Amino acid sequence: MTSFVRRLTVGSTIPHVPVHHQKFKPTIEVPAFRLLPHNNQRPLGIALRSRKYWRVEAVGPVGRSEGGDGTKKAGGGPGPGAGPCSYSLGDRTTEVERRERNRTVEVVVAAGVTVVLGVGNRVLYKLALVPLKHYPFFLAQLATFGYVLVYFSVLYLRYHAGIVTDEMLSMPKAPFLAVGLLEALGAATGMAAGAILSGASIPILSQTFLVWQILLSIIFLGRRYRINQLLGCFLVAVGVVISVASGSSSGHSLKEAGMFWSLLMIVSFLFQAADTVLKEVIFLDAAQRLKGGSIDLFVVNSYGSAFQALFICLLLPFLSKLWGIPFSQLPNYLKDGAACFLNIGGTLSSRCDGAPLLPLLFVIVNMGFNISLLHLLKISSAVVSSLASTFSVYVFTLPLPYLGVASSLPTGFVAGAIILVTGLLIYAWTPSGSTAALPSPSN
């Protein structure tokens, strides 16, 4: 069996480096090729060794110690011949760990921004209803149709800036149609049930949203969750229920409203959960169609909002009736709502103090909340985005003096907060040697 050793170096000029051959061993000439210097350092060389196989190592222009270890001395450290191209499995592991830490930090920051915007969204919605207290349905339609205009305007600018590509715009539109339908159905059923249920019972029933997301992601995404993640989600839901229900008669109000309306609200959250899981499917499918690329957020938001507005138009007779507005009177209602929003119209404007500033602030923050929630879903998962949204519901139950909430914490609120935070920590805890059960939809 033959074995041979040969060495060559390359650069702007090839230095005289002795080539040592083992006795009676044949050699093979390998053509030299040029390597560019790295970071203004001396030109690199390549050493080729073969004992049953080839091994390519980066070395400096100065000769290196002979022997089988190549780059290491007896002490185990890197030899002087190791150049800037030296690479090892340990380096690769460190790089992977660094990227994982960066991804974790990105998800945590995005979740924090989502929680802040979620709380601001709820606060500003209450403030926006001060001048528009007689026109909440107008405010809802203003947000729905206003988003279409804003999202497509931003999409147009991003397309001409080269951020959005033709491949992104050529994605199949059927999933976006389904997103719009689910959002419209979720809004319609939620409005119908919300008109009957009390305000305290709705946040409690909203915890079924997290349950639906877990079930749908298992069915349609093939997700497998660790025990600590399932326990953490359960504790988060329990903590919110205890915090919201403490000091309120929500349980009694649920009995008064009847089982049907409670079930209808749960179905509404099923539609919303299916919407978020479907968006995650869109991101996963886009990563394959775009060959590892990622679809722009405004492509999803623009087409989804457009189809939602289309279905809302079809459901207007039903929705206006839910708000107690006869469909024949809807044009006059929208006209008066627009006059109140613009704070014009004589005696009508005297009841609309705070418009249009407060409604506009709500629309802007609500738009930012939706974008941040979709971004969080894109870089993590639907369940993580749901946890952030759920936590914002809890923060909203804190005593906020500027909303007229009592300054003292109700009984059981602290216990609910402790359970909720414990659930978040348990969910985030990753046992050693295990992998995350919620892979990111995109790289």
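Glycine is treated like the rest: Cβ placed from N, Cα and C.
TrEMBL lists 64-96 with the feature region 'Disordered'. The compositional bias 'Gly residues' annotation in TrEMBL covers 73-82. The annotation transmembrane segment is assigned in TrEMBL to 107-125, 137-157, 177-198, 204-222, 229-247, 259-278, 298-319, 357-377, 384-403, 409-429.
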- Ranked first among 204-222, 229-247, 298-319 for CB pairs under 8 angstroms with the transmembrane segment (177-198): 298-319
- Query: Going along the chain, which residues at least six beyond the ends of the transmembrane segment (107-125) come within the CB cut-off of under 8 Å?
  - Reply: 358, 361-362, 365-366, 368-369, 372-373, 375-376, 379-380, 384-385, 387-389, 391-393, 395-396, 400, 403
- Item | Same-chain residue ranges lying at least 6 outside the transmembrane segment (137-157) that approach it to Cβ under 8 Å | 128-129, 164, 187, 296, 298-299, 301-302, 305-306, 308-309, 312, 319-320, 323, 325, 333-334, 337-338, 340-341, 359, 362-363, 366-367, 370
- Message: Counting Cβ pairs closer than 8 Å, which of 229-247, 259-278, 298-319, 357-377 has the most of them with the transmembrane segment (409-429)?
- Response: 229-247
- Message: I need to check the long-range neighbours of the transmembrane segment (229-247): which residues 6 or more away from its ends have a CB within less than 8 Å of a CB in the stretch?
- Response: 200, 203-204, 207, 210-211, 214, 383, 387, 390-391, 393-394, 397, 410-413, 415-429, 437-438
- Do any residues of this chain, six or more beyond the ends of the transmembrane segment (259-278), have a C-beta under 8 angstroms from a C-beta of it, and if so which? 175, 178-179, 182-183, 185-186, 189-190, 192-194, 196-197, 201-202, 205-206, 208-209, 212-213, 216-217, 220-221, 377, 382, 385-386
